[in-house]
Structures are given as structure tokens and as C-alpha cells.
Amino acid sequence: MVDYHAANQAYQYGPNSGGGNGAGGGGSMGDYMAQEDDWDRDLLLDPAWEKQQRKTFTAWCNSHLRKAGTQIENIDEDFRDGLKLMLLLEVISGERLPKPERGKMRVHKINNVNKALDFIASKGVKLVSIGAEEIVDGNAKMTLGMIWTIILRFAIQDISVEETSAKEGLLLWCQRKTAPYKNVNVQNFHISWKDGLAFNALIHRHRPELIEYDKLRKDDPVTNLNNAFEVAEKYLDIPKMLDAEDIVNTARPDEKAIMTYVSSFYHAFSGAQKAETAANRICKVLAVNQENEHLMEDYERLASDLLEWIRRTIPWLEDRVPQKTIQEMQQKLEDFRDYRRVHKPPKVQEKCQLEINFNTLQTKLRLSNRPAFMPSEGRMVSDINNGWQHLEQAEKGYEEWLLNEIRRLERLDHLAEKFRQKASIHEAWTDGKEAMLKQRDYETATLSDIKALIRKHEAFESDLAAHQDRVEQIAAIAQELNELDYYDSHNVNTRCQKICDQWDNLGSLTHSRREALEKTEKQLETIDQLHLEYAKRAAPFNNWMESAMEDLQDMFIVHTIEEIEGLISAHDQFKSTLPDADREREAILAIHKEAQRIAESNHIKLSGSNPYTTVTPQIINSKWEKVQQLVPKRDHALLEEQSKQQSNEHLRRQFASQANMVGPWIQTKMEEIGRISIEMNGTLEDQLSHLKQYERSIVDYKPSLDLLEQQHQLIQEALIFDNKHTNYTMEHIRVGWEQLLTTIARTINEVENQILTRDAKGISQEQMQEFRASFNHFDKDHGGALGPEEFKACLISLGYDVENDRQGDAEFNRIMSVVDPNHSGLVTFQAFIDFMSRETTDTDTADQVIASFKVLAGDKNFITAEELRRELPPDQAEYCIARMAPYQGPDAAPGALDYKSFSTALYGESDL
């Protein structure tokens with residue numbers, strides 16, 4: 001065994017190894033290794049993969065151990081005592097490990113392996129389920145897993161392309177380097193490498209003299225792989241880590257083995273990174289510009305779609321033309337509810353997302369030193385907000401108008417039915433009355449007949465007077481239907497006019513007949529008092545029964561328990577009068593029986609009917625029985641309505657209970673979010689975490705709102721129009737909920753933008769807190785923005801010379817144009833941070849991009865399309881070629897392009 005302390009301690013693996021792999025390199029390793037944990041979850045290795053890993057990992061270890069004059073033969077056995085493992089770690093890290101124990105006992109081996117594992121862990125690596133005992137026992141899975149962890153940490157971790165993770169960075173590097181080669185499509189670290197072309201393409205890209213790529217065939221993978229492995233071993237000092245047959249004969253080569261092999265190519269070619277770094281800078285700048293253009297196009301499209309939807313929806317909400325029937329109005333109400341439930345919520349989310357996208361775009365433009373984005377005319381955020389306010393204004397009161405119209409139509413239907421009922425009863429009563437009044441029977445009647453006719457006429461007049469109220473009610477109902485704009489008012493008016501004309505005619509005929517009867521009354525002597533008394537008492541009683549039947553069959557509409565209880569009380573009062581009415585009925589029938597008894601006892605032959613009235617005892621008994629039948633039916637109808645109103649009251653209280661809980665909860669959350677956005681408790685990440693917890697709690701609260709919506713739906717279906725148990729309406733709750741969602745999303749976006757600004761500009765947490773404290777001090781109304789005077793006072797407090805003089809005003813106007821490019825008159829905290837960070841930190845500039853292009857151009861003042869296509873990805877190379885102006889300098893060559901004017905245009909210093 002070679003003494004590993006004699007190994008070359010000055011060796012450092014890769015450009016970022018050594019001390020960088022110590023404390024500094026381990027800073028992000030925890031996160032990185034957590035990302036790699038899911039690569040090592042299998043309990044058992046596939047035999048083919050295990051074979052590939054053994055060979056690859058053994059070759060990789062020997063490529064480093066040979067620098068210390070040693071090597072391993074069996075990866076399971078040679079690391080069991082921990083000595084070569086510690087030696088390997090010293091070689092690849094360039095650091096000295098604790099002195100190993102030289103004993104041969106198991107405890108000495110475990111201690112040595114633990115020293116190696118402790119050193120790996122000190123680099124920020126999570127060793128999941130790997131223990132010293134398994135390594136000492138020669139556990140193949142644990143040993144291979146440990147070596148893979150070492151390879152990840154010391155050979156792959158520092159590979160980063162465009163801020164990607166190690167694995168993604170290595171894959172992106174391979175994709176870029178092999179992109180120009182036919183039959184090569186690197187998408188992974190297994191089957192993409194089976195045909196060997198990708199290995200040959202990597203070598204040819206960096207050392208084209210070593211490979212004749214055009215002579216390689218895709219259908220000969222073994223030859224391709226052996227060619228690449230032999231060339232790499234002979235000319236690039238990369239040991240052969242895999243057998244071509246093992247790769248070809250495996251359905252899916254081992255990913256870890258391929259990554260280990262490919263990482264050796266990456267480190268071998270790392271010396272060619274200067275041009276790639278320059279290309280990366282240009283790619284990054286172009287990617288930012290392309291992304292910003294994409295975001296601008298998305299904003300314009302989304303804004304146009306949202307404004308078009310608002311334009312189409314507002315006329316529909318402003319259409320307040322009432323319909324003629326309840327069914328039509330209920331359909332309009334259902335359409336409106338469908339709009340609130342289905343159509344509007346996605347648009348609320350689109351509006352919120354549009355504002356977030358706009359703010360994020362502006363932040364990215366400021367951070368990348370680009371001019372502020374000005375949407376096309378009519379598509380500003382303020383235009384969208386104005387359109388949305390117009391939509392809300394049109395929507396306001398629409399549902400209330402619909403419900404009022406339904407109530408109006410319901411009232412109209414009730415009145416129309418009541419009119420038809422009363423009119424039918426009146427028309428039935430008047431049927432034949434005109435013919436009766438026009439009779440001239442008194443001209444040939446006897447004295448007794450005349451007196452009977454007089455009494456009969458008096459009874460008729462009494463009946464006529466009793467019907468006067470009904471006629472007035474009919475006229476009043478018709479008038480109310482006219483005032484409420486009943487759609488069938490023409491037929492109602494025609495029928496009412498006919499009744500009134502007939503009533504006037506009856507009055508005239510009644511008066512004429514009375515005069516004729518009174519003219520002959522002096523010649524009449526006797527009158528049957530009993531019949532007369534019967535008629536006088538029977539007529540009012542009959543009218544009372546008709547009115548009672550009419551009232552008992554009258555429809556009723558109530559909306560509260562108090563109203564139905566009032567009807568029940570009135571009905572109970574009516575029932576209490578029935579005993580007196582029954583006694584009156586018996587008294588009337590007794591009069592009739594008395595007349596019959598006298599006639600029979602005196603042998604008087606009666607005509608069979610009372611000459612003074614048409615109301616017979618049979619009619620009285622029949623109507624009385626009808627009243628007796630209608631009373632329990634009325635009882636049942638009132639009790640059903642009482643049960644319905646009790647159910648409605650339960651719905652009111654149920655809704656009120658939920659609303660009185662949801663409403664204050666929303667208000668409390670709004671206040672807490674406002675407090676969090678103003679206070680400076682903890683880091684921005686803490687604030688963001690706190691806000692996202694609030695957002696999750698808000699989302700988790702959505703079932704309570706859905707429950708309230710369901711209860712509100714039940715209330716609407718029950719046609720309940722008021723609720724005295726709560727001041728919260730569903731409209732208030734919906735608006736509050738929408739405001740809460742918008743506020744939390746906007747607040748989270750503000751904090752994320754602050755983090756983005758802080759990280760991009762290198763602002764410390766203490767600086768961020770100082771900025772927030774200064775901003776809050778002058779934000780007196782806690783509105784989240786400063787007016788010009790407040791902002792000026794804040795600048796003065798920070799030492800800026802913006803006093804009220806010509807020079808100070810000019811400087812202040814310059815600063816305002818930076819922090820408020822849209823001239824809104826307000827400076828947000830995000831704009832304040834952007835300004836302060838711009839004042840205290842450096843940013844990328846057009847000069848840096850020009851310098852990068854100069855590297856790609858070989859220090860020339862111009863660059864050619866061929867150079868761009870060789871160094872940049874195809875899409876970004878074509879982007880530059882399409883936008884670069886021809887170079888006009890004296891040293892111009894054919895096809896020369898001006899990269900300087902193009903670079904300044906990227907930062908708004910000139911036009912593309």
C-alpha cells in the first residue's frame with residue numbers, strides 16, 4: 001500500500017476545485033444533492049448497470065489515484081480498509097484529511113472510512129443510508145453509491161450552464177456542442193449515447209483533427225464507441241471506462257456511468273471555455289430580450305381579449321328592459337347567476353394575472369436595464385381597470401333589478417288572478433239581473449204580488465249595495481294592474497269597463513223599477529212579514545257566506561313568518577265567529593219554518609218560493625256546508641305556508657350564521673395582509689413564506705365560501721328577498737373574496753419582485769430593511785406608495801441633493817422619470833428599491849455585450865454570420881443576423897455585421 005500522505009497535495013481537479021470545493025463550494029451542495037437523491041432510490045442494481053458502474057467508477061478512480069502512484073483492481077474490496085478512499089479524496093480535493101489508522105482490525109477500517117465519509121459530509125453532501133460498516137463489509141450497492149456521490153460532488157457539481165443544475169448543465173453543454181452534428185440528438189444520459197456518435201461529436205467539436213466524423217455510420221455503434229474511447233484514451237488522457245459491447249447490448253445504459261464518462265470529456269475540454277463564456281453572455285442577454293418580447297406579446301393578447309370580453313358584457317348587463325312573464329325574468333336571473341358562477345371568475349383571475357405579468361415584466365425590464373414597457377394605446381393597466389370598473393358599475397344592482405321585476409310580475413299575476421276571480425263572481429251574480437229588472441210583471445200582479453215584488457226589490461237593492469264593494473275592488477285592482485304595466489291590461493280594462501257599464505245600467509234599472517213599484521205601493525195592503533224578515537236576514541247572511549267563501553279561497557303571498565301568522569290569526573278570528581253565524585243561520589231557517597207552519601195551519605197555498613228573495617233554505621244550507629268544507633282546507637293551506645316560512649327562516653338564519661363568520665374572516669385577512677406588507681418582520685423569504693401560508697389558508701377557506709354560495713342558492717330558489725339576521729349579502733361576500741384573492745396575489749408578487757431585485761442587485765437583507773424603514777416612515781397613509789413630496793422628503797433624508805432650487809428640481813425630475821416612467825404621480829416600494837439598488841450596485845451594460853461579441857469576432861470591429869452560427873445556438877444566431885445592420889467601417893469585409901449598434905439597441909440606447 002502506497003503511503004497516501006506522500007501523494008501530490010497540490011493537485012486540484014477542474015477549474016473550480018480545491019478551496020472552492022470546501023466551505024464555499026458546499027454552500028449550495030445540500031440543495032444540489034437533494035436534487036440528486038431521487039437518482040439513488042433503487043434497492044437493487046440492474047446487473048448490466050452494476051457491471052457498467054463498476055467498470056466506469058473503477059476507471060474514474062484510477063484516473064486520479066495514478067497521480068498518487070497507485071490504483072484499485074476491485075472497487076468492492078480495495079476501499080474496505082478506507083486508506084485508498086482517503087487517498088482518492090485527498091487527490092481530487094487538494095486538501096489533507098486526518099491521519100489514517102494503520103491497524104488491520106475492523107474497527108481501524110471503520111474509523112478510516114468514517115473519516116472519509118465525514119470529509120464528504122463536510123462538503124455539504126447528504127450521505128443517504130451510506131454507513132462505514134457497509135463499505136468495510138464490501139457492500140457493492142453502498143460502495144458504488146458512495147463513489148457516485150464523490151463523482152457528483154467533485155466532478156459534476158461545478159458544471160453549470162446558464163444557471164442550471166449540475167446534471168441539467170452537463171446535458172445542456174452536450175446538447176450545444178453536438179447540435180450541428182447529424183444523427184446526434186442528446187436528450188438524456190443513457191440511450192442517446194448508445195450509437196457512439198455523441199461521443200465522437202464531442203471530440204470532433206473540440207479536436208476535429210482526431211475524428212473523421214463523416215465516415216462514421218449510425219448502424220455500426222460498436223465501431224463508433226471503440227473509436228471514441230480509443231481516441232479519448234490516446235490523445236485526451238481519458239481512460240477507457242466502458243466496453244462498447246456492454247453499452248450496445250444493454251437496453252438502457254447506466255445513467256451514472258455515462259454521466260461519469262461524459263464529465264471527463266467536459267473537464268478535458270474546459271480549456272475551450274473562454275469563447276463559450278462570451279457566447280453564454282450574449283445568449284443570456286438575447287434570451288432576456290426574447291423573453292421580454294414574448295411577455296409583451298402575451299400582455300397585449302391577454303389585454304385585448306379581456307377588454308373585448310368587457311366590451312361585449314357591459315351592454316348585456318346594462319339591458320334593463322323588463323319581460324312580460326315571470327318565466328322570462330327567471331331565465332334572465334339564471335343567465336346572470338351563470339355569468340357570476342361560470343364566466344366572471346376566470347376573467348377575475350385573468351385580470352389579476354395580467355397585472356402580475358405586467359409588474360413582473362416591468363421589474364425584469366428594470367433589472368435588465370431595458371426601457372420600461374408601454375402597452376399600445378387603450379391597453380394600459382389603467383384602461384383595463386377603467387373598463388373593469390365600468391363592468392362592475394353595470395353589474396351593480398342588476399340582480400336586485402331582476403328580483404324586483406320578478407316580485408313585480410308575481411304581484412301582477414296575483415292581482416290578475418284576483419281580478420279574474422272577483423270578476424267571474426260578479427258576472428255570475430249579475431247574470432239575468434238586467435232581464436229581471438226590465439220585467440213589467442207588476443202591471444198584472446195582484447196587491448199581494450205587488451207587495452211581494454216591492455219587498456223582493458228592496459232585498460235586491462240590499463244585495464246590490466252589498467256588491468258595491470266588490471265592484472269598487474274590481475276597479476281598484478284593474479287600476480293597479482295598469483299602474484304596474486301589466487302586459488294583458490287591455491283585456492283587463494275591457495272587462496272592467498264592461499262590468500262598470502253594466503253596474504251603472506243596473507243602478508239605473510233598479511231606480512226605475514223602484515219608482516214603478518212605489519207608484520202602485522199605495523194600492524197594496526198586506527205583506528208577509530215572515531217572508532220579508534226572512535229575505536232581509538237571508539240576503540246579508542248569504543252575502544256574508546259568499547264573502548267568506550271568497551276569502552277562504554283567496555290566494556295569498558307572504559314572505560315572512562309574521563305575515564303568515566297574521567293570516568292565521570285572522571283566520572282563527574274568523575273561525576271564532578262561526579258559532580254566531582250558525583245561530584243566525586238557524587234563526588233564519590226558523591223564520592222560514594214558522595212561515596210554513598202558519599201557512600199549513602191556516603191552509604194557505606204558497607207558491608213554493610219566497611216572493612222576496614231567491615235565497616232558499618237549500619241555498620243557505622248548501623253554502624254553509626261549503627263554508628264548513630273550506631275552513632279545514634284553509635287551515636291546511638295556512639299551515640303548509642307556515643311550514644314553508646319556517647323553513648325559509650331557517651335558511652335565513654343558516655345563511656346569516658355562515659355569512660357572519662365568512663365576512664369578518666375576509667376583513668381580518670385583508671387587514672393582516674395589509675399589516676404584513678407594511679411591517680418588516682424577518683427576511684423577504686420569511687415574509688414571502690408567511691404570505692404564501694396566508695394564501696394557502698385563504699384557498700383552504702374556499703369550501704366555506706362554496707357552502708355560503710350553496711346556502712345562497714337555496715335562498716334564491718326559495719324566493720327569499722331579505723334577511724334581517726345579517727348585514728352581509730352574497731354580493732358583499734363575493735366582492736370581498738375577489739378583493740382578498742387579488743390583494744394576496746399582488747402582495748406576494750411584490751415580495752417576489754423585491755427578492756428578484758435584491759438577488760439581481762446584490763442587496764443585503766439589512767439594506768432591504770433600511771429601504772423599507774425609510775419608505776414606511778414617509779408612507780404616512782400606509783397606502784404602499786409615496787407622492788412626489790413624500791418621495792422628495794425621503795430622498796433628502798437619504799442624502800440626495802433635491803432641495804427646492806433649480807439644480808435640485810432638475811435632479812428630482814430626473815429621478816422621478818426613472819421611478820415613475822408612466823407619470824402616475826406615485827412611487828411604489830418596488831420602484832424605490834429599483835432606484836436605490838441601481839444607485840448602489842452595478843448592472844450589465846451594452847459595453848459588456850460589445851466586449852463579448854468582440855471575443856467571438858476575434859478582436860475585429862465586425863462579426864460575420866458564419867461566426868455567429870458557429871458560436872451561438874441556431875435560433876439566437878438567426879435572431880442576431882436578422883437584426884444586425886451591415887458594418888460600414890473602413891475595415892469592413894464582405895458580409896460584415898455591426899455588433900456595436902446592435903448591442904446598444906438592446907439597452908435602449910439606439911434603435912434596432
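Glycine is treated like the rest: Cβ placed from N, Cα and C.
In the structure as shown, the Cβ atom of D779 (Ca(2+) binding site) sits within 10 Å of 21 other Cβ atoms. Mapped onto three states, the DSSP output places D779 (Ca(2+) binding site) in coil. Positions annotated as Ca(2+) binding site by Swiss-Prot, on the basis of sequence analysis: D779, D781, E790.
The feature domain 'Calponin-homology (CH) 2' is assigned by Swiss-Prot to 164-270.
Look at Swiss-Prot and you will find Y32 tagged as phosphotyrosine, backed by similarity to another entry.
Secondary structure at K115 (N6-acetyllysine), as computed by DSSP, is helix. Sequence-distant contacts (6 or more apart, same chain, Cβ under 8 Å) of K115 (N6-acetyllysine) comprise G82, M86, L97, P98, P100. Residues or ranges marked as N6-acetyllysine by Swiss-Prot on the basis of similarity to another entry: K115 (among others).
Here Swiss-Prot flags K215 (among others) as N6-acetyllysine, drawing on similarity to another entry. Long-range Cβ proximity for K215 (N6-acetyllysine), meaning a same-chain Cβ under 8 A and a gap of 6 or more residues, is found for none. K215 (N6-acetyllysine) falls within a helix when secondary structure is assigned with DSSP.
If you look up Swiss-Prot, you'll see T250 marked as phosphothreonine. Within 10 Å of the C-beta of T250 (phosphothreonine) there are 19 other C-beta atoms, taking all protein chains into account.
Per Swiss-Prot, the feature N6-acetyllysine maps to K593 (among others); the stated evidence is similarity to another entry. In the three-state DSSP scheme, K593 (N6-acetyllysine) is classed as helix.
Classification of K626 (N6-acetyllysine) by DSSP places it within a helix. According to Swiss-Prot, the feature N6-acetyllysine maps to K626 (among others), an assignment based on similarity to another entry.
Per Swiss-Prot, the feature phosphoserine maps to S697 (among others). According to its DSSP assignment, S697 (phosphoserine) is helical.
Cβ neighbour count for K780 (N6-acetyllysine): 10 (other Cβ atoms within 10 Å of its Cβ, all protein chains included). Feature annotation from Swiss-Prot assigns N6-acetyllysine to K780 (among others).
According to DSSP, K860 (N6-acetyllysine) is assigned to coil rather than to any helix or strand. What Swiss-Prot lists as N6-acetyllysine is K860 (among others).
Swiss-Prot lists S910 (among others) with the feature phosphoserine.
Per Swiss-Prot, region 'Mediates interaction with MICALL2' is recorded for 737-912. Looking at the region 'Mediates interaction with MICALL2' (737-912) alone, the prediction's average pLDDT is 79.
Within the repeat 'Spectrin 2' (414-519), the DSSP-based counts of helix, strand and coil residues read 92 helix, 0 strand, 14 coil. As annotated by Swiss-Prot, repeat 'Spectrin 2' applies to 414-519.
According to Swiss-Prot, the motif 'LXXLL motif' annotation covers 85-89, on the basis of similarity to another entry. Remote same-chain partners of the motif 'LXXLL motif' (85-89), defined as residues 6 or more beyond its termini with a Cβ less than 8 Å from a stretch Cβ, comprise 2, 4, 7, 61, 64-65, 68, 70, 79, 95, 97, 100, 112-113, 115-116, 119-120, 135, 150.
Of the listed modified residues, namely K593, K626, K860, the sparsest CB environment within 10 A is found at K593. Most other Cβ atoms within 10 A: among the binding-site residues D781, E790, that distinction falls to E790.
The Cβ of S697 (phosphoserine) has 12 neighbouring Cβ atoms from other residues within 10 Å, across all protein chains displayed. Here the motif 'LXXLL motif' (85-89) is broken down by DSSP into helix, strand and coil counts: 5 helix, 0 strand, 0 coil. Cα-Cα distance from S697 (phosphoserine) to D781 (Ca(2+) binding site): 28 Å (rounded to the nearest whole number). Closest in space to T250 (phosphothreonine), of the recorded positions given as K626, D779, K780, K860, is K860, taking the CA atom of each residue. When the Cα of K593 (N6-acetyllysine) is compared against those of the recorded positions K780, D781, E790, K860, the shortest separation belongs to D781. Across the structure, D779 (Ca(2+) binding site) and K626 (N6-acetyllysine) are spaced 80 Å apart at their Cα atoms.
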